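What TrEMBL annotates here:
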{"type": "TRANSMEM", "residues": "16-39", "note": "transmembrane segment"}
{"type": "TRANSMEM", "residues": "60-79", "note": "transmembrane segment"}
{"type": "TRANSMEM", "residues": "124-145", "note": "transmembrane segment"}
{"type": "TRANSMEM", "residues": "249-268", "note": "transmembrane segment"}
{"type": "TRANSMEM", "residues": "274-292", "note": "transmembrane segment"}
{"type": "TRANSMEM", "residues": "333-354", "note": "transmembrane segment"}
{"type": "TRANSMEM", "residues": "374-395", "note": "transmembrane segment"}
{"type": "REGION", "residues": "424-545", "note": "region 'Disordered'"}
{"type": "COMPBIAS", "residues": "434-448", "note": "compositional bias 'Polar residues'"}
{"type": "COMPBIAS", "residues": "456-471", "note": "compositional bias 'Polar residues'"}
{"type": "COMPBIAS", "residues": "485-503", "note": "compositional bias 'Basic and acidic residues'"}
{"type": "COMPBIAS", "residues": "521-530", "note": "compositional bias 'Polar residues'"}
Amino acid sequence: MAEELKDRSLTETPTWAVAVVCFVLLAVSIFIEHIIHHIGSWLARRNKRALYEALEKIKAELMLLGFMSLLLTVLQTPISKICISKSVGSTWYPCDVDEKEFKNTCGTESGKVPFVSYYGIHQLHIFIFVLALFHVIYCVATLALGTYKMRRWKTWEDETRTAEYQYSHDPERFRYARETSFGRRHLNFWSSSPVLLWIVCFFRQFYGSVHRDDYLALRHGFIVAHLPPESERKFDFRKYIHRSLEEDFKAVVGISPVIWFCAILFLLTNTHGWYSYFWLPFIPLIILLLVGTKLQVIITELGLRIAERGVVVKGTPIVEPGDHLFWFNRPSLMLFLINFVLFLNAFQLAFFAWSTYGLKSCYHDTTEDYVIRITMGVMTQVLCSYVTLPLYALVTQMGTTMRSTVFNDKVAVALRDWHDTARKHTRHGHSDGVSPQSSRPSTPSNGMSPVHLLQSYDNNTPDMSPVASNYDNERWYGEGSGSLGKKDDDEQRPENFESREPGRGTQDSSSAQLALGPLPIQTQHEVNITSSEFSFRRSPRSPRP
């Protein structure tokens with residue numbers, strides 16, 4: 001019997017060939033590492049903390065793929081030597097395979113075939129990398145297109161500071177709810193019928209998904225529910241939405257274990273005879289259309305609640321946010337569905353772009369097969385980026401709680417530093433003087449609002465206001481109130497807060513005013529941030545470039 005031919009090993013390979021391969025691999029790896037490092041440095045310089053953390057999550061995903069690659073490389077030979085019966089190994093083929101002879105690593109055992117062949121593991125290895133690459137590209141493209149769409153909102157935001165807007169939205173003016181611009185858009189004959197409501201909202205998402213009247217009404221309702229009245233002209237709602245979207249991008253770019261499990265199920269659907277290439281590409285599109293329709297329905301329901309409170313409204317119609325408007329009282333479910341759609345869409349195109357197959361394969365027997373995949377993939381990407389994502393970013397602000405992104409990065413860091421300092425002094429028995437308010441305990445109580453904490457800071461600290469942090473001319477609304485409480489030791493103050501002005505006395509936070517004289521304290525103006533949304537735990541600092 002002739003001796004079986006084997007591949008050349010490293011001992012039979014020229015050293016210069018091995019050196020060239022290693023040099024190319026190292027050069028490409030170092031180049032990619034430097035690109036990622038420069039992107040992180042640029043995000044740190046631009047104070048894009050959320051995007052920097054998203055980049056860190058991408059690096060974690062790449063490290064996970066590196067471990068998977070290492071395991072596949074190490075276990076490639078042992079897995080290929082696992083043998084199963086030929087009757088079991090001939091089921092659930094992805095293609096209509098003709099009976100022919102393949103290289104059998106099970107040796108002379110009759111009726112045995114490899115569990116997964118050596119070459120099959122290599123193909124799976126490539127597909128995992130292609131899938132992760134497409135998912136990251138899809139997420140970045142979605143955020144870029146969605147941000148571009150949201151730029152037009154700047155014109156609407158600037159309009160709220162004009163005299164014409166203040167005149168047309170006079171708070172002392174009485175109007176019929178249906179005669180307001182928001183009412184004319186949503187209070188119609190079709191809004192009283194659930195069937196017609198969903199039909200109209202389904203088609204409305206394709207033209208002007210985010211309308212000017214919707215933006216202004218939701219902006220006003222958000223400010224009334226969560227911020228002081230003086231924020232109407234100074235709070236930049238668009239920047240707040242943009243920061244919230246960047247925060248959500250950290251979740252979108254990641255691949256959770258649930259989504260990896262779905263990827264395994266998608267691989268099972270490629271069985272021959274299931275015709276998954278006909279129905280699987282439509283699933284992300286259907287989910288996306290349902291999400292977009294639901295978001296439009298929520299806006300209309302906000303308008304219907306205005307009409308239920310009274311036929312006549314005073315000033316601008318006030319929408320009332322609430323988690324009950326969303327599926328299962330969870331606004332975060334919308335984000336998970338968008339993340340799932342992006343992954344499933346990336347899975348479709350990654351499978352198509354898989355270099356092992358291409359156009360001429362059993363997955364694409366006819367032209368219609370790959371036309372459906374490409375068309376549905378592009379349509380889903382454009383719809384998600386340019387329509388659903390901006391709509392999601394706006395409507396999800398109508399939940400019961402306000403996002404922690406209402407504070408800019410400087411304020412968030414200052415609050416975390418103060419909290420750490422207060423805990424440290426409390427732990428050592430030095431509870432006096434570590435609170436931002438001399439009449440308050442050293443740690444914040446349950447009813448204390450972060451905005452009310454900041455109201456007692458000095459007038460000349462421009463970056464400490466959760467509202468003033470958003471305008472170009474960042475400053476306090478009015479005179480402000482007293483300074484921080486008296487401290488025996490300067491080290492007891494949070495290091496990120498500016499010192500008091502000389503000559504200012506200590507003042508209790510209950511007397512702190514934001515503008516133009518005393519105002520009644522209303523519960524609806526308190527910041528309502530749950531512990532799950534905002535944490536005082538110190539987050540890792542972004543590396544300095």
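Yeah, the Cβs are placed from backbone N, Cα and C, and that goes for glycine too.
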When counting Cβ pairs under 8 Å to the transmembrane segment (60-79), the leader among 16-39, 124-145, 333-354, 374-395: 124-145
Top partner of the transmembrane segment (249-268) among 124-145, 274-292, 333-354 - counted as Cβ pairs under 8 Å: 333-354
Same-chain residue ranges lying at least 6 outside the transmembrane segment (274-292) that approach it to Cβ under 8 Å: 202, 205, 209, 266, 334, 337-338, 340-342, 344-345, 348, 363-364, 369, 372-373, 376-377, 379-380, 383-384, 387-388, 391-392
